[in-house]
Amino acid sequence: RVWVCVTSTMSASPLQKSREWKPLEQRKCTDIPWLLLFILFNVGMVLCICGFAIATGAASRLISGYDSYGNTCGQKNAKIPGIELSGRDHTSRKYVFFLDPCNIDILRRKIKSVALCVSKCPDTELKTYEDLRNFSTVYGSDLCSYDVQPDTYSSHANRSTKCPTLPVHPSASLPVFHRCIPVDISCYARFAEAFITFVSDNSVVHRVIAGVMTSKEIIMGLCLLALVLSLILMVVIRYISVVLVWILTAVVVVGCAVSVAGGTGILWWLYVDHSKSVNASLPALELEVAKDNQKALLIYAIAATIFTVILLLLMFFMRKRVALTIALFHVAGKVFTHLPLLALQPFWTFLTLMLFWVYWISVLLFLGSAGSPVQNNQTGLVEFKMDGPLQYMVWYHAVGLIWISEFILACQQMTVAGAVVTYYFTRDKSQMPFTPIVSSVLRLMRYHLGTVVKGAFIITLVEIPRLILTYIHSQLKGRENACARCMLKACICCLWCLEKCLTYLNMNAYTATAINSTNFCTSARDAFFILAENALRVAAINSVGDFVLFLGKVLIVSCTAFAGILSLNYQREYTVWVLPLIIVCVFSFLVAHCFLSIFEIVVDVLFLCFAIDTKYNDGSPGREYYMDKALMVNDLNLRAKKPQRLNICK
């Protein structure tokens, strides 16, 4: 008995020395060099890229607009060498007017037309050159090229290229960007053809748009309904998850057992049947083919038998892990009742991402109009292009988009993990901070920003080559051979799988950091070993739990769509229901995905806390469990089936 006690102590001591988990006891800054690198990277994005675009006048050219000769509208311009119509004073000409605004290059996403600076956009249809001259006389806005006088509009030899295409459609200026855009959407029929191929005229388009505009109140109400349903589901899912999980488990077990066992039986029956049909009197060629089929069926039958046995054993051993999934869903529902601000986390993340994306797109547009003026040899018009090292700013800017977006998402994961860890490892729930979410955010900003930066950078390293390969595959579609296409798809698929695995490991690494305040690599290693020791539990939670959450998303979308059909049915003047219902269904799915993804993060964090709790605590004095009663009952049921070495020592 003494030898057993000494053996258990000696076997446990190295494990305790390897990692001493002290939840919420120690805090220290982690991965500071990565935080400094991230700060330098963002300084480069703001000063070098955005600052360069503003300093070179790209921002003013984007907002005020510029003509085809390099003149910025609304200001005085310097002469560009070699460009005859450059260097003009456009102080009174504040709007950009396109001679042929309907000539749109869909591939390059630009208007292929000469652009001029005018003092007023034409608000009425101009059908003749005489109408152009009268418009210039009345409003002082010349719609033809600068070197063509209004009196010569009707008789000028090059009026077809230097004057706008007739008729000139009524146009209005954009609120900020001072471009004259035609009001009639039929001008952009080529864009509509790319999306609506079944329409021969624009009558259906007008009816669809009219249906959306007249039903906007119903659409907004249904979107609000989807939001409310998502919030309700996050609270009540702990009660309905028991029924859903066990129904799903029964269906999967019965279906797999019937299909796999039945398929295995059919293979053995075919093997026996082919064995009887093999006759030595058959011709040599047919006999050889029959023997090959017999061998192939034997191999298939043996492989199917082995697979069936393994699958049945997995179902047998994982049956109790399903109960853990139910317990985790139950506790996750309790977390949301104690931490209601968790439900608002998707709002802040979405708002932060939107603000960053608006800034990123604005700077990208600045870069599109930055650089030096260059005359196009084919058209003779002026284009702004960056040459030399400056052209690589766009790539730097693209990397910033991925890295900072992943950083924002990682901050959400770390914030949720910190709040859930505080809830789990606080024995007396009344002693928790007043706002655990705010406390988690403050801990993140004070101690663990470097860890989040490093995790986001690892995802960026995998995502960039995947996006590059995806772009190459889209550009070579139809021109590469089958082998190259298969290799590209295989590489993209492998990188996608690697990205998902790293994202899951990062989430658990953030949880380990929130528990023990260790750096990213140490946290990832500890989390990986914990997950590896509980591989069957992880498989059960990820498979069963993900499917239950998917059913929750389907439930929200179905309820919202059903309410939409009933609402639109009482408004018979809405002739086209398709687009309003599609908008509502897409929005409700996105809302459900955002909220239930937070629920999924909470479940993953709870599981890692539970695994650590059961590994380093046994319920004895001084090593009491932190877990909820629902998890404790599940753990005691599992431990009751195993002999405890501690009981032998006692």
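The backbone N, Cα and C atoms fix where each Cβ goes, glycine too.
A quick note: this is a predicted structure, and the numbers were derived from the prediction, not measured.
Over in TrEMBL, the protein carries these features:
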TRANSMEM  32-54  transmembrane segment
TRANSMEM  218-237  transmembrane segment
TRANSMEM  244-271  transmembrane segment
TRANSMEM  297-317  transmembrane segment
TRANSMEM  347-367  transmembrane segment
TRANSMEM  394-425  transmembrane segment
TRANSMEM  445-469  transmembrane segment
TRANSMEM  547-568  transmembrane segment
TRANSMEM  574-596  transmembrane segment
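With a cut-off of 8 Å on Cβ pairs spaced 6 or more residues apart, the transmembrane segment (347-367) and the transmembrane segment (445-469) reach fewer than 3 such pairs and are scored as not touching. Residues 363, 366-367, 370, 390, 393, 396-397, 400, 403-404, 407, 449-451, 453-454, 457, 520 of the same chain lie 6+ residues outside the transmembrane segment (32-54) yet bring a C-beta within less than 8 angstroms of a C-beta in it. Sequence-remote contacts of a segment are chain residues at least 6 beyond its ends whose Cβ falls under 8 Å from one of its Cβ atoms, and for the transmembrane segment (394-425) they are 23-24, 38, 41-42, 44-45, 48-49, 335, 338-339, 342, 345-346, 348-349, 352-353, 356-357, 360, 363-364, 367, 432-433, 436-437, 439-441, 443-444, 448, 451-453, 455-457, 459-460, 463-464, 467, 506-507, 510-511, 513-515, 598, 601-602, 605-606, 609-610, 613, 626-627.
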